[in-house]
Amino acid sequence: MMRSHYCGQLNESLDGQEVTLCGWVHRRRDHGGVIFLDIRDREGMAQVVFDPDRAETFAAADRVRSEYVVQITGKVRKRPDGAVNANMASGAIEILGYQLNVLNEAETPPFPLNEYSDVGEETRLRYRFIDLRRPEMADKLRLRSRITSSIRRFLDENGFLDVETPILTRATPEGARDYLVPSRTHAGSFFALPQSPQLFKQLLMVAGFDRYYQIAKCFRDEDLRADRQPEFTQIDIETSFLDESEIMGLTESMIRKLFKEVLDLEFGEFPHMTFEEAMRRYGSDKPDLRNPLELVDVADQLKDVDFKVFAGPANDPKCRVTALRLPGGASMPRSKIDEYTKFVGIYGAKGLAYIKVNERAKGVEGLQSPIVKNIPEANLNNILDRVGAVDGDIVFFGADKFKVVSEALGALRIRLGHDFELLTCEWAPMWVVDFPMFEENEDGSFTALHHPFTAPKCTPEELEANPATALSRAYDMVLNGTELGGGSIRIHRKEMQQAVFRLLGIEAEEQEEKFGFLLDALKFGAPPHGGLAFGLDRLVMLMTGAQSIREVIAFPKTQSAACVMTQAPGLVDAKALRELHIRLREQTKVE
């Protein structure tokens, strides 16, 4: 063994013992003829002292520079009074070094590891192997390892089997674009990288493996956001012979145990909320319950007003008119209101009406807004009473299609909560249930809200008769406004699966071509089954307080789905393309 201890393992109990450390020189200091080296490894840092009494070792220490890889042997001793470093786990001790071996020298890093705040993300990703040396980055990956270990331990203890499913499979419509892999041996045919192990885990249920899990790599060729990557990791779980309440209870126990083990946080029982209630009160199917602001529908008070902006949507069943009260917001300057108006425009809102409540006792005279002249005073009072407005508040309004208003004011609610520091707690887990089975498109066609394999809460005949109002047996776990995991009871009867396919516009021939293997499996005694998948990257992001999942993945892609370190994706030579039966067409230049 080249080392006896990690730096982070050193403490006062080792006083007087000889230790050997291996790591990187984090910092070098020369104080009054004594050289101090801070040595860093994956577990932490330790201070090593070299004095001139050992001339050869002192000279070696004098030559080392930051990021040199070294092996150091010395004796642990307590630091002198007043020299204890409370910010370092080993800050109560230091090592008196008497042997130093330089294992490798290092050029000056492209950015200092002690002063990283102003370094651009692209530079950090280009030199990710340097960036990961920073203690806060190493801490995140260590925590990620602890998280996966805790989850595996829980699932193993509860009788789940870790089963791997294929990476090379065939394309199936799951909502996003597939990454395609050309086949050399089957000219003109392509594999697809899996967006999830969905169908294979269902087939494992048919095969009798009634408790399955996998820490699975998944791939989606879609536009990136702060919480998206083209390849991501999923905690994939499937069970047979459990209903949704049992699956939710089991996975909730897993998350509660995880937070207790890793962060020493105790969660109570997670509240449940229907999709309809979440959209009505919060404008989102993943509400952040730390935020006390709520949307309040006021269409009934505006149906007969002489103001088409409100009256039109108030009389349209596909629209909503909603109010959002911000306590103490009446002092908000017009420039800030304009900023929020521009913000809701991102979500399709055509404007942002408002009423400043200066002094309610004065009636309309105590309200400041360009819209109050269009609304009878009695209706205004009813609206202000309903939202709980008091002097000093501002009330925002949205009036448009249901989806536009929900998304716009739902996003504004989140923005206001952060801007005005309204969050009431650090963690707010919950379940959202009773999702619609389908989303209706403008042309009257339907899209599966979750995926085509989710079971509805009705018979096939009822589903085909009333698809727009059918509810699914789906459930999402939400934490702080982020979807942590989503799942459902699956369809386990062939007739129901075919009915869902038909409603999605997938006719018999296409069903057989794309899903024949699944339909075959459902004929041979498929058990009732369901499951759930958690996004591991999102989970780690939340538990570490990172701002992006790129911060908790060792080697992530950029926002443009590229790796600036390896220069992937890259070109391949003509021979490889010929073997794959592929010919590239030159793009026509636009003049």
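Numbers here mean position along the shown chain, with the first residue as 1.
The backbone N, Cα and C atoms fix where each Cβ goes, and this holds for glycine too.
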Note: Swiss-Prot has R220, D221, E222, Q229, G535, L536, D537, R538 binding ATP, and from E277, E483, E586 that site also includes E483
L536 (ATP binding site) has its Cβ surrounded, within 10 angstroms, by a count of other Cβ atoms equal to 23
Pairwise CA distances across R220, D221, E222, Q229, E483, G535, L536, D537, R538 (listed as binding ATP) top out, in Å, at 20
H450 (L-aspartate binding site), Cβ-centred 10 Å count of other Cβ atoms over all protein chains shown, is 20
Most Cβ neighbours within 10 Å, among the recorded positions H31, R220, goes to R220
Its Cβ having more other Cβ atoms within 10 Å than any other among the binding-site residues R490, R538, the winner is R490
Here the 10 Å Cβ neighbour count for E222 (ATP binding site) comes out at 14
